[in-house]
Amino acid sequence: MGLELPLILGTSSVFRREQMERLGIAFQAASPDFDETPMLGESAPQTALRLAEGKARSLAGRFPEALIVGADQVAWCDGRQWGKPMNLANAQKMLMHLSGREIEFYSAVVLLNTVTGRMQRHIDKTVVVMRKLDELHILRYLEREPDAVYCSCALKSEALGALLIERIESTDPNALIGLPVFRLVDFLKNEGVDVL
């Protein structure tokens, strides 16, 4: 590869930063300035992809010669989108409602080359079947995993949240954490970045 462009991860998510760090690829994290409000009539995959693209594009002015990763995740259950509870009370209500249900997580990742304008896109669908939960189990989980309030559906699957799950169907287990790593590696290779 000729010119090596810096890799920018457009996120304020500590979980996505941790995923990138585990890959051992040099990158810089930057918080995108982008309105993440869902649009009326938008499907969960459409929302996830629009937000991932918007995050990447919002950083293009700050990083005019870079590869920018944008990612977002939207959960779908019972005919509606679910986000992050952001506090304990919301997390308890959310987990009680989702107990025993099937949730679809749509994790979008994009890679924007700000020099060429090329944007690669992918949406990964992960189906999660939750165990039947009672209030005591939910309280214990949230006491032991306080960061879960910052996860989609309060489900920190890479840690104790795994105990709440009965089954997962996915082509990329990383996607449920928030970043479809398998596809991102392909995107980076397409840009001439050797990840190993």
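Each residue, glycine too, has its Cβ placed from N, Cα and C.
The active site, proton acceptor feature in Swiss-Prot is assigned to Asp72. Residues within less than 8 Å, Cβ to Cβ, of Asp72 (active site, proton acceptor) and separated from it by at least 6 positions along the same chain comprise Glu36, Thr47, Ala48, Leu49, Leu51, Ala52, Lys55, Ser107, Ala108.
Residues or ranges marked as site 'Important for substrate specificity' in Swiss-Prot (evidence: sequence analysis): Phe15 (among others). In the three-state DSSP scheme, Phe15 (site 'Important for substrate specificity') falls into the helix class. Residue environment of Phe15 (site 'Important for substrate specificity') contains 18 other Cβ atoms, counted within 10 Å of its Cβ in all protein chains.
The site 'Important for substrate specificity' annotation in Swiss-Prot covers Gln73 (among others), and the record cites sequence analysis as its basis. Counting every protein chain shown, 31 other Cβ atoms lie within 10 Å of the Cβ of Gln73 (site 'Important for substrate specificity').
What Swiss-Prot records for Glu158 (among others) is site 'Important for substrate specificity', and it gives sequence analysis as the kind of evidence. Other Cβ atoms within 10 Å of the Cβ of Glu158 (site 'Important for substrate specificity') number 16 in total over all chains.
Distance from the CA of Glu158 (site 'Important for substrate specificity') to the CA of Gln73 (site 'Important for substrate specificity') is 15 Å.
Distance from the CA of Phe15 (site 'Important for substrate specificity') to the CA of Glu158 (site 'Important for substrate specificity') is 10 Å.
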